[in-house]
Each structure stands twice: as C-alpha cells, then as structure tokens.
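These come from TrEMBL:
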- 61-78: transmembrane segment (TRANSMEM)
- Gly67, Val70, Asn74, Ser299, Asn331, Leu446, Ser450: Na(+) binding site (BINDING)
- 90-112: transmembrane segment (TRANSMEM)
- 133-161: transmembrane segment (TRANSMEM)
- 216-237: transmembrane segment (TRANSMEM)
- 249-268: transmembrane segment (TRANSMEM)
- 288-312: transmembrane segment (TRANSMEM)
- 324-346: transmembrane segment (TRANSMEM)
- 434-454: transmembrane segment (TRANSMEM)
- 475-500: transmembrane segment (TRANSMEM)
- 506-527: transmembrane segment (TRANSMEM)
- 552-573: transmembrane segment (TRANSMEM)
Amino acid sequence: MAAKAEAIGPRNGHELAPLNARADGSERPHGVTIVLQGSRGSLQREAPDDDRAAWSGKLQFFLSIIGYSVGLGNIWRFPYLCQQNGGGAFLIPFLIMLVLEGVPLFLIEMAIGQKMRLGSLGVWNTIHPWLGGIGISSCMVTLFVALYYNVIITWVFFYLFNSIRLTADQLPWSSCPQDNGTAELECSKASATVYYWYREALDASPNIEEPGVPRWWIVCYLFLAWVIVFFIVMKGIQSSGKVVYFTSIFPYAVLTIFFVRGITLPGSSDGIWHMYKPKLEKLLDPTVWLDAATQVFYSFGLAFGSLIAFGSYNPPNNNCVRDVLLVSVCNALTAIYASVVIFSILGFKAYTMVETCITKEIKILAREHIGGFTVNSTEDYYREEFPLLNSTAVKAFNLTGCTMSKQLEEAAEGTGLAFIVFTQAILKLTPAPFWSIIFFLMLLSLGLGSQIGIMEGMLCTIFDIDFFKRLSKPVITGVVCGFCFLVGLIFTTGAGEYWLKMFDSFAGTIGLVVVALLEMVAVMYIYGHERFTNDIYEMTGYRPGLYWQITWRYVGPFIVTCILLSSLVFMLINHPTYGAWDANEVFFKKLTQIKQVESTSSSFCLSSLSVHQYSMMSSIQTDTSTPPYA
C-alpha cells in the first residue's frame, strides 16, 4: 500500500509537506513519497523539499533551540532542587540523568524531524498511521501548557511596568500601603512583598470555588502578552527567528550583571556555599534521583513536538548530533550558572535579614536584662552568648537565634521565588528599580523564548492537517492566540494562580511523559533502531555507537517509565492539594505568632503566609509544585 503526497505550492514558516494532498496537472512534480509496508513505515524522497521554511543560518537555529530549552525552570526551579536535594551532590544524579535520559531523547526528536522534514503529527503518521495519536496528544498537552505559560508572562509584565513607573529609589512592594498613617492590617501581618503579590497583583480569592470576576489589570496584561506572541509567531520562523537574537542572548547579559554585583555583596559566598555544599547521604534517597530525572526531562522541553519542528527546518545534511550535544551542555551550564547568581543575591538578602534580626533580639535581651546584654552589645557578642542563654527565656520571648542557615533554608521555588523572595532581595540593592527592571526583563525574555517554541510545536501540528493548509497562516495563528486568550481568562480571576497550578500539575506532566515514552518506542521498535541509525549516518556522516543504542532502546525508556509510574503512585497515595491565600487566617496566625514573625522580619514562609490545604473531596485541587518550564 502506498500513499503519495505532493507539495502544492510555497508554504509558510509553520506549514509542512502535505501528506495527503491531491495534485493536478498545473502543479509541480511530487516532492515527497510515503510508502507504508505492513506495520512499519519507510520514507522515500524523490526530491528535496525546496519550498519548506528553513533557518536563515546556524546561529538562528542554535539561538532558537537555546531560547526554547533554557526557560524559567533554569532560574527558579533548578536552584531550589539543588538546595533541597543535597546541594552539590545533586549535580551527580542530574548529570547522570542528562546523559542517560535527556540527550538520547533530545537527539531522537531532532533527528527524526530533520530526516522527515515534518512536524510532530506528520512524523508519527509517516512511521505508522496508527501513531498519529502521539502527535495529537502532544498538541493537546502543548495547548494546555501554552494557556498557562503566557499567564506567567502576564504576571511578569505586571511587575515590570510597576517597576518602571516609579523613578525614585522605591518599588511599590517596598512598604505596606498606609491608611490614615497606619499600615494596611493584612500587609502588616505578613510582609510587603507577600501582600503585594497576593493582594495587589493577584487579588487572590480564599479558595478555588470563589474565583470572583476577572481582574481587569491582569486581563489587559494577558491580552498584551498574547498580542506580542501572535506577532512573533504569525509568520513562523521567518518572524520568530528574528526575535530569538534578543530573547536568547539578553538573559545571559542580565545574569552576568547580577553575578558581578552579587559576588561583591556581603553574604553572597554563604548563599552559594549553602546551595552547593555537598550532602552525599542524599544520594541514597530515591526521590532525589526522581527529581533529577524529572528536571532533565522538562528542562529540555521534550515531547512538546517543538524540537521535532525545529529539526525539520534544518537542511538534510545538518549535523544534528553536534547540535544536541552543544545545546545539552549549554542548558546544564546555564542552570548551574543561574543557581550561583540566584543564591549569591539570596545570600546577601539573608545577611541583611540576619543583621536586622540580631538588632531586634539584642534590644529584647537588653530590655529584659538577660545574659548581660545592653543596647550597645555587638553582633559578635550576640553570637557568642546566645547559645548559652537559658532555653526557658528563649522560648518565653520567641527568640530565634538569628543565623544565615535559618534564613537560607526558607527555600522557595517557582512564583514564590520570582515574585516574593527575589523581589524582597531586590529591595536591598540600589537603585532597586533598576535591578527590578532588568530582572523582570530577563524573565520576560526567558518566558517568551520558551513560549515561542511551544507555539511553534503546536502550530506545526495544526498545519500537518490538510484542512488548515488551505487557510492563511496569520489567520489561523490569530484564531489560536485568540482562543488561548479567551480560555486564559480563567487565570485572571482571584483563583487564577490555583488554576495555573492545577493545569501544571495535571495537564503538563503525566501527558508529556506518556508521549515521550511512546516516541522512544515508536522510533526504536516500530520505525526501527537500525533504520534510524542509518538515517543519522546519512545526514551527519556519524554512526551512533553503543552508548546511543543502549540509551535509546533500554535505559531511556526505563527511566521515563520510572518517572511515569512514580508520578502515578504519588498521585494515588497523596491527595492533591493547593495552597490558598486567606487574609483572615493571616490575622489569626499573626496574633498567635506575632513575635516569631517580627523576629524574622516577616520573611516568606508558611508561618507568615497562611496556606490552607483543601481536600479533593470537597473541591477541585492541585499540587503546590511549580511550572516546569516553567
């Protein structure tokens, strides 16, 4: 049985070689012939597809891949995982999983796209008609992720514009709003940065069942985000390829600026050492290895179909093996570099918080005439004498024993790190508005770079369908962006953050892992590992050896299966929950823990934030994990 597909005219940046197009006498000769034999497919090319969109150069392709794979997760999730999973010891499982899982699957997607010069749906339909569901599933998951990923960009816009509008050495979250000379009660019970995030930015509702109406300011920023994305991707790589020169390079410039400033600040070395101090005993914990495997999987943006689409725009003789290795190394080094930058700044923040804490506790001890303290006691005296104090007195006055380690252990990830912890750290830098502006410009660049790749993968799949090939590319892109904007209005309500976490926990996790597993099985066992090896040899002149064969056929599928099974078991054992901001409970907890909260300067932690855990039995819930691309 044979199915022929002819090219029917020039195509745009997303449209791919038609699979089932009909030709008449006026059209040019066939460009692609697909032959299906039994249960396995083979691809024969009669002539190169000269009309297919292509990268303008190697640099554009490389920056597009970097912009897509190096995303927000490298900034706000990898540092947290390092801190929580053994510090420098976490790099061992991370690099092992990078070699055994990430790089092999990365090459599968890049090479199969380059060989067949098709998008996700076209590739799997070509290998076998029954495998088209992999492309459809990938497109569906990509749609869900695109919906909420642009909401993160929306929040970044909110903070960016509110940083620009103030020209003085003050940011809107630097202090609590005043009412007749008295600080807003809700803000005084938490902290200015926490209050600004939950009340001013999100206007968060107490739970997901009481979302309220869309917040108009978030709606405006969401509309702006989708308009920008539309103009970037409306012409495929012809338009998005120009933007990646900024979205891929600018974040490295900002990271370097923060790095140079960070390492000169007091406490920065403590922050870096706290994160990378190796705790080898953590390597015996299987969850550490699972976290490493999961981080590698998501940091590459695997199974979205985007890498297949990017690979399909390469010339047939492109050395995709070298590209995969370069991007993999760059991705890993970026995550490590970003971790150093983040924790150098957080170390400085902890240093200033400790100084404030010690000053307050010295005043308390001097007032109560404990331990020989006076108002003139030094920090060194405090550090020497505090461990010798009577434990009863310490508990009576809620003294904490201010230390760097306690401050740095208050870890956060995702939106908590970006919009609460780091914004609080920025307040310690001068001029604060400048550092805030470049920080959120960096997040904006990273977010747009990943969103461009996500949209490319989804639109490529849409244009694999014959019906959409006949329609205008900008029109279809506009319809998709408009649809995403309308559905995304659910994220602009007071329960928007709760919905986002639900989408992230369920829409963008299990589905992607299943797609990745099916991709490896389809290429290795249906298309055939020998045929795939020969394809790479024909394209690059390099024949993949034993390492590639073992990881493709056995190790990679095994690791992905372990991720899938462990995720399912975790969901069955643990009832999913989500954290919700409740102003009333903030008052209650503040009243019962007032001295403890004051002694830590209302730093971001659960004791000062009041997080309610709602049961799945009474309402929809989501896990408190952060967006992977996040």
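Just so you know, the numbers here start at 1 and follow the chain as drawn.
Placed from the backbone N, Cα and C atoms, the Cβ positions cover glycine too.
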Cβ neighbour count within 10 Å of Gly67 (Na(+) binding site): 27
Tertiary contacts of the transmembrane segment (249-268) (same chain, 6+ residues out, Cβ under 8 Å): 63, 70, 334, 337-338, 340-341, 344-345, 347-352, 354, 404, 429, 435, 438-439, 441-442, 445-446, 449
Segment-segment contact (the transmembrane segment (434-454); the transmembrane segment (216-237)) at 3 or more Cβ pairs under 8 Å: yes
Cβ-Cβ under 8 Å with the transmembrane segment (133-161): same-chain residues at least 6 beyond its ends: 72, 119-125, 201, 217-218, 221-222, 224-226, 229, 303-306, 415, 419, 423, 436-437, 440-441, 443-444, 447-448, 450-451, 454-455, 457-458, 461-462, 464, 484, 487-488, 491-492, 496, 499-500, 503-504, 507-508, 511-512, 514-515, 518-519, 522, 627, 629-630
Conformational class of Val70 (Na(+) binding site) under the three-state DSSP mapping: coil
Under 8 Å by Cβ from Leu446 (Na(+) binding site), counting only residues of that chain that are 6 or more apart: Val70, Gly71, Leu72, Asn74, Ile75, Thr247, Pro251
Long-range neighbours of the transmembrane segment (475-500), counting only residues six or more past its ends (CB under 8 A): 14, 143, 146-148, 150-152, 154, 202-205, 207-215, 218-219, 222-223, 226-227, 229-230, 233-234, 415, 455, 458-459, 462-463, 468, 578, 580, 622, 627
Val70 (Na(+) binding site): tally of other CB atoms within 10 A of its CB: 27
Recorded stretch that, among 61-78, 216-237, 288-312, 324-346, 552-573, has the most CB pairs under 8 Å to the transmembrane segment (506-527): 552-573
Contact ranking winner - 61-78, 216-237, 288-312 against the transmembrane segment (552-573), Cβ under 8 Å: 288-312
The transmembrane segment (288-312) versus listed stretches 61-78, 90-112, 324-346: most Cβ pairs under 8 Å: 90-112
Residue with minimal Cβ packing [other Cβ atoms within 10 Å] among the binding-site residues Asn74, Ser299, Asn331, Ser450: Asn331
